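Chemist: Have a look at this one before I ask anything.
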Amino acid sequence: MTSLGVNIDHIANIRQARLANEPDPVQMALLAELGGADGITIHLREDRRHIQDRDLKLLRETIKSRLNLEMAATTEMIEIALDLKPDMITLVPERREEITTEGGLDVASNAKSLKEIVTKMESCCIPTSLFVDANSKQLEASSKIGATWVELHTGPYARASWKNQPLEFAKISEGVARARNLGLRVNAGHGLTYQNVEPIASITEMEELNIGHTIIARAIAIGLKEAVKEMKELIKNPRHEPFFGS
């Protein structure tokens, strides 16, 4: 069964908008776990626009599920990860001017530096995932540098029109198959919603979906615990089969 990692960055976004103490991402993470979250995902950005170092440390101490730290491949973040020892890190591209992560890592063009990070993390028993687009070039490069995991970027699928969504779904489905053939374990995320998650959750060998914005948006209406329960049920028992021909 596909697991659910709940990204709580948007809780911190609300807090930082007023530079206040609430809402507290740590408290919300615990509610997410009560709702059935299999893991908590956070992105500690270099500019600290939402998640803060304090959040990271408290989450490591308090949550009962897995902590997945999304981070840029920088010296500062590597040192933080080695000190904190999260259950997993996910290396993502990062630009200060972006609102959210806009695309996957170019592993093929940065193989040497990324391999050094992956090797270092794995030697310290920190599993490392690479956030990549679902294409053979990046998947093959990820395998070559020794990564155990990849997280497939589902943004193009999520943004696609109704007409084009089956095509984008096929790319994700084929990406999962290619990754597994290369010996990689596969997660996915970015832009998934209550309306589009079920086909992705139906893909065989998809291990975890990392989802944040749509759950937090839903939580405003019905509460975080119930929002997570609803998403968990969709992933656990998807009613829709994969698109025809995929």
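Glycine residues also receive a Cβ, built from the backbone N, Cα and C atoms like all the rest.
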Chemist: What does Swiss-Prot list, out of Asn7, Asn237, as binding the same 3-amino-2-oxopropyl phosphate as Arg18, Gly191, Gly212, His213?
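Modeler: Site partner of Arg18, Gly191, Gly212, His213 for 3-amino-2-oxopropyl phosphate, according to Swiss-Prot: Asn7.
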Chemist: I'd like to know which of these recorded positions, Asp9, Glu70, is least surrounded, judged by other CB atoms within 10 A.
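Modeler: Comparing Cβ neighbours within 10 Å for the recorded positions Asp9, Glu70, Asp9 has the fewest.
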Chemist: Of the recorded positions Arg18, His50, His190, which sits closest to His43 (active site, proton acceptor) by Cα distance?
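Modeler: The answer is His50.
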Chemist: Can you tell which of the recorded positions (His190, His213) has the fewest other C-beta atoms within 10 angstroms of its C-beta?
Modeler: His213
Chemist: Out of His43, Arg45, which of these recorded positions shows the lowest number of other CB atoms within 10 Å of its CB?
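Modeler: Relative to the other recorded positions in His43, Arg45, Arg45 has the fewest Cβ atoms within 10 Å.
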Chemist: Spatially speaking, which of the recorded positions Asp9, His10, His50, Glu70, His190 is closest to Arg18 (3-amino-2-oxopropyl phosphate binding site)? Use C-alpha to C-alpha, please.
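Modeler: Closest by Cα distance to Arg18 (3-amino-2-oxopropyl phosphate binding site) among the recorded positions Asp9, His10, His50, Glu70, His190: His50.
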Chemist: Have a look at the recorded positions Asp9, Arg45, His50, Glu70 and say which one has the shortest Cα distance to His213 (3-amino-2-oxopropyl phosphate binding site).
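Modeler: Of the recorded positions Asp9, Arg45, His50, Glu70, Asp9 has its Cα closest to that of His213 (3-amino-2-oxopropyl phosphate binding site).
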